[in-house]
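> Feature table excerpt (Swiss-Prot):
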type	residues	note
SITE	44	site 'Important for tRNA non-discrimination'
BINDING	187, 233, 461, 502	L-aspartate binding site
REGION	211-214	region 'Aspartate'
BINDING	233, 234, 235, 495, 547, 548, 549, 550	ATP binding site
């Protein structure tokens with residue numbers, strides 16, 4: 001458990017004068033009062049030892065055999081019973097010192113014991129932390145939270161939140177709470193709807209994010225806003241995403257440019273990493289990589305920069321190639337991407353079969369490769385390649401004997417993503433340093449993309465981002481060449497947040513939406529309150545909202561987001577402990593003017 005401060009007047013009451021984790025040799029012969037949970041209890045031939053646990057740690061209690069009444073009380077105790085004791089601190093003999101405990105040099109000889117609550121047998125042990133099903137852990141989460149690792153995770157999360165608040169307040173940010181009941185926004189993920197009793201047939205929505213409120217705060221004259229905000233989205237669970245509810249550090253700043261926000265966030269992350277963990281940041285300031293560049297080099301806009309592999313574009317090599325499949329692709333405007341694995345050219349056939357299976361899972365028709373072996377070239381496309389093509393390839397990719405190069409072809413983005421998926425797959429061959437945090441910014445996202453299914457131009461990402469070049473760019477450039485002031489922050493392949501410099505100009509907003517096929521009336525109908533606010537004096541502004549849950553996951557080396565949330569739902573968006581969601585009474589539904597139309601059971 002995490003150590004806390006020692007005795008203080010604030011904690012001196014009838015239950016305790018000290019915390020378990022604060023006891024040490026300096027308190028020898030002092031009388032103390034302690035309270036907590038029975039972690040373990042052992043009878044050693046007349047001596048009873050109790051490991052007492054509170055939120056700061058564990059200390060050992062001793063009940064002497066001559067203390068008949070205490071001995072009798074202890075004989076009826078179960079693990080996780082709650083007790084309060086009085087006793088004297090004594091030094092342990094040298095051979096019994098427990099170096100694993102902060103209080104391991106002492107023990108407390110008990111003179112009085114009160115059983116506040118005797119626990120019945122537990123559904124799973126706390127002390128031994130044996131493997132336990134997630135269903136059982138979530139049903140009895142209050143017991144699971146007593147376990148050392150998850151207990152420390154929750155305390156650590158609290159400290160991260162406090163450190164964030166201090167850091168931002170020192171830089172003139174103001175913490176402001178925004179509404180939990182708001183209007184529905186069907187353009188995003190599915191909303192959680194809340195029926196209104198006072199307005200029959202109408203619904204509130206729980207906010208997916210405080211996006212519009214924080215922008216309105218900029219209009220209201222609060223130039224630096226933040227809150228650790230609850231957000232609600234009716235979406236499926238993943239290992240790094242909790243269904244239903246999550247928390248984000250919501251931030252917005254007025255009169256800034258992109259680099260101003262980067263400086264604030266980079267400084268905050270560096271402060272958190274250096275002050276709260278043993279991890280280290282690879283590069284500071286964080287590298288900036290354009291969307292086009294990150295896709296070409298890593299095949300994803302969420303790259304794990306610890307993986308020592310980069311993708312190469314070899315399209316020109318195949319324009320007139322004897323390998324007709326790739327040559328035909330290049331003539332259709334497609335790209336050919338390559339990935340080199342140094343020293344892996346002699347792997348077994350099983351290695352290549354597994355790699356091809358993964359490539360097909362990523363959407364590729366197959367996986368072409370060439371092995372550069374001592375005895376010559378091997379691979380499914382070698383026979384189609386001329387000596388000149390091989391020589392050019394070796395020169396461009398710095399290939400040597402013992403290497404292997406893999407290829408993927410297709411439309412630019414598809415080829416990039418297939419090879420990016422293979423880069424991540426092959427990344428498992430390397431031992432990545434879990435104490436290294438490789439942050440980067442992804443910038444210069446495209447403003448628009450072509451929706452082939454709809455046959456029209458759509459917004460690529462956030463429609464409220466300011467286009468680079470503003471109105472002039474919208475009027476003069478090919479929409480598919482336009483870039484937005486939008487950015488993502490990524491760490492070790494995990495996207496922590498997206499953000500943007502906002503479009504605060506109604507004239508630019510109308511034109512940006514017009515290019516995507518929206519009329520002025522459409523924009524006013526959907527976003528009229530924002531447009532109206534911007535017409536009444538809106539400063540340039542931008543923001544970001546890193547996920548608190550994911551940040552704590554990274555700092556604590558957790559693979560599952562439920563390990564850093566006190567009361568998470570399961571994968572099916574159920575709270576097993578509170579039995580939510582649950583049915584409600586007919587009277588409750590009638591009061592809300594709701595009639596159920598449930599799907600028929602199979």
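The backbone N, Cα and C atoms fix where each Cβ goes, glycine too.
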> Using the residues the record lists for ATP (233, 234, 235, 495, 547, 548, 549, 550), what whole-number Å value is the largest Cα to Cα distance?
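Farthest-apart Cα atoms in 233, 234, 235, 495, 547, 548, 549, 550 are separated by 20 Å.
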> Give me the Cα-Cα distance between residue 461 (L-aspartate binding site) and residue 234 (ATP binding site), rounded to a whole Å.
20
> Distance between residue 495 (ATP binding site) and residue 502 (L-aspartate binding site) at the Cα atoms, whole Å?
20
> Tell me whether residue 234 (ATP binding site) sits in a helix, a strand or coil according to DSSP.
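It is coil.
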> Output the one of 461, 502, 550 that, of all these binding-site residues, has the highest number of other Cβ atoms within 10 Å of its Cβ.
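In terms of Cβ crowding, the pick is 502.
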> Using a 10 Å cut-off on CB atoms, tell me which of the recorded positions 44, 233 is the least crowded.
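Among the recorded positions 44, 233, the sparsest Cβ neighbourhood within 10 Å belongs to 44.
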> Under the DSSP assignment, what numbers of helix, strand and coil residues are found in the region 'Aspartate' (211-214)?
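The breakdown for the region 'Aspartate' (211-214) reads 4 helix, 0 strand, 0 coil.
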> Compute the average pLDDT of the predicted model within the region 'Aspartate' (211-214).
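For the region 'Aspartate' (211-214), the model's average pLDDT rounds to 95.
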> Only counting partners 6 or more residues apart, tell me which same-chain residues put their Cβ under 8 Å from the Cβ of residue 234 (ATP binding site).
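The answer is 189, 190, 191, 192, 244, 573.
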> Compile a sequence-ordered list of residues in the same chain as residue 549 (ATP binding site), six or more apart from it, whose Cβ lies below 8 A from its Cβ; state 'none' when nothing qualifies.
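The answer is 242, 246, 247, 561, 564, 565.
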> Sort the binding-site residues 233, 235, 502, 547, 550 by C-alpha distance from residue 44 (site 'Important for tRNA non-discrimination') and give me just the closest.
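It is 550, whose Cα lies nearest.
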> Identify, in sequence order, the residues in the chain of residue 547 (ATP binding site) that are 6 or more apart from it along the sequence and have a CB within less than 8 Å of its CB; answer 'none' if there are none.
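Non-local contacts for residue 547 (ATP binding site): 246, 247, 248, 249, 496, 497.
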> Would you mind listing, in sequence order, the residues at least six apart from residue 235 (ATP binding site) in the same chain with a Cβ closer than 8 Å to its Cβ?
189, 190, 241, 243
